[in-house]
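Visitor: Here you go, one structure.
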There are 2 protein chains.
Amino acid sequence: MDLHRIDEFAKEMIFEAGKRIRDAFSYELKVETKSDANDLVTNIDRETELFFIEKINAFAPHHKIIGEEGMGEKVESLDGPVWIIDPIDGTMNFVKQHRHFMITIGFFVNGIGKLGYIFDVMREDLFYAIADEGAWYNDSPLRKLKPIDIKEAVIGINASWVTPNRRVNHEKIIDLVKTVRGTRSYGSAAMEIAFVVSGKLDAYLSMRLSPWDIGGGIIIAKEVGAVATNFQGEKFDLLSTDTFIIANPSIHPLILEQYIEEK
Amino acid sequence: MDLHRIDEFAKEMIFEAGKRIRDAFSYELKVETKSDANDLVTNIDRETELFFIEKINAFAPHHKIIGEEGMGEKVESLDGPVWIIDPIDGTMNFVKQHRHFMITIGFFVNGIGKLGYIFDVMREDLFYAIADEGAWYNDSPLRKLKPIDIKEAVIGINASWVTPNRRVNHEKIIDLVKTVRGTRSYGSAAMEIAFVVSGKLDAYLSMRLSPWDIGGGIIIAKEVGAVATNFQGEKFDLLSTDTFIIANPSIHPLILEQYIEEK
């Protein structure tokens, strides 16, 4: 399998999809549609996923596709080549902010990550990786993450996980928030993962994510030495929803052991 | 007083400062200084404030200047023309993320806001307002904010205010977080204020801010109908630190009454 050829194909497809989204967006904004902004995003989401499915089917008909919008055939195993796709991660940002939403795509073979992409559509910024070859932010190589002390860390976490919830002991999350240097929340898992792999954040955690939220990101993570697991410290379940943490390797074990207690 | 002439002067000064910061930044990144990143930001912060002070002194020697870095003379009243300046709001973002930091400036006459600026240095995006004439995002007029239901609101709030703290009843903040559609946190008060005045967020609140964090923003707020007050619903104290909330007018009273209980 020629990964470089697939990488070229994937990038071209992502850039074209990005342009289509930006165009659709500016057209819709111009005509000031009376329709609900939520309908707009749903339509663009679906159209973009269909666009990816058609492209991949034409490129390699035997590749399987798992997409957020579920427009493809149902995939029940990770055998063979599998694309995991989120056409727009951060739909609320798309609607309200017209920025901070990502296309994110992972390409796996027999469950092993091979190519990962997170594309900031409005900035036209691409974070990507080729397994065992490295990771890049546009044309610049991403460096291995340097060790950091938990007290100096800035972490991505949604405020709602700091409140009483069914999934984790929020008192421990409060400890975490009080221990680190600062917290951020951007409303797009893929954006927060892109920030961790590029050292802009030191960790990001969420109590419930889907494979398409993190599929591209975990492949980039591996190349820069970021550790991405579920809250048991195991591989994220790519056929279901799961808990998720990605972190600088120097603080990943500490966060899991000291600050996360699942209910 | 010719506000348009002062506005032209202010913009030119801000764009030049932005360019200087970007240049200093890319130079420092290039030489890979061994010095602490915190020293770097402190130096650039101070140099930029001095740059503003020199420019304003040359333009209008009798104007007073309140700056975050305290490089100017001590200002003890808001009488006459006063500039309130933050050369870099979001210093942690500056250091770690190389984005999401703002120059923000307010120009007041006898305590009345006349000109307000929030400049995203890396994006080169300017949010600004001229009192009684309107507000703009680069070349586009910012519209009056449309009413929104609290359940549909996305608000900027730091996770630490959701944890037990000395200033507000955090249980009520938890209620707020659970009521709204979503929360965000960007690590720059000026950025979050810029997002509120442009409808990208519907509210932003903080338990403790300084005049330079909000001086430019509250002038823009007024032009788009956003309401900016302290937690008593009164004017923010521009000569001290204070609590701060800026919100869409349709939810400002509700948040104050129902979700904020100061200790």
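The count begins at 1 with the first shown residue.
Cβ atoms are placed via backbone N, Cα and C, with glycine included.
Caution: TrEMBL annotation is automatic and unverified by curators.
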Visitor: Pick from B:ASP202, B:ASP213, B:ASP237: which one does TrEMBL list with B:GLU68, B:ASP86, B:ILE88, B:ASP89 for the same Mg(2+) site?
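Guide: Among B:ASP202, B:ASP213, B:ASP237, only B:ASP213 appears alongside B:GLU68, B:ASP86, B:ILE88, B:ASP89 as Mg(2+)-binding in TrEMBL.
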Visitor: Specify all same-chain residues, apart from the site residues B:GLU68, B:ASP86, B:ILE88, B:ASP89, B:ASP213, whose Cβ lies within 8 angstroms of the center of the Cβ atoms of the Mg(2+) site, ordered by sequence.
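Guide: Counting only non-site residues, the set is B:ILE85, B:PRO87, B:GLY90, B:THR91, B:MET102, B:ILE103, B:THR104, B:ALA189, B:ALA190, B:SER210, B:TRP212.
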Visitor: If you draw a 10 Å sphere around the Cβ of B:GLU68 (Mg(2+) binding site), how many other Cβ atoms fall inside it, taking every protein chain shown into account?
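Guide: Other Cβ atoms found within 10 Å: 20.
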Visitor: Take the Cβ of B:ASP89 (Mg(2+) binding site) and count every other Cβ within 10 Å, whichever protein chain it belongs to.
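Guide: For B:ASP89 (Mg(2+) binding site), the count of other Cβ atoms within 10 Å is 30.
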Visitor: Which site among B:ASP86, B:ASP213 has the most other CB atoms no more than 10 Å from its CB, taking these as binding-site residues?
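Guide: In terms of Cβ crowding, the pick is B:ASP86.
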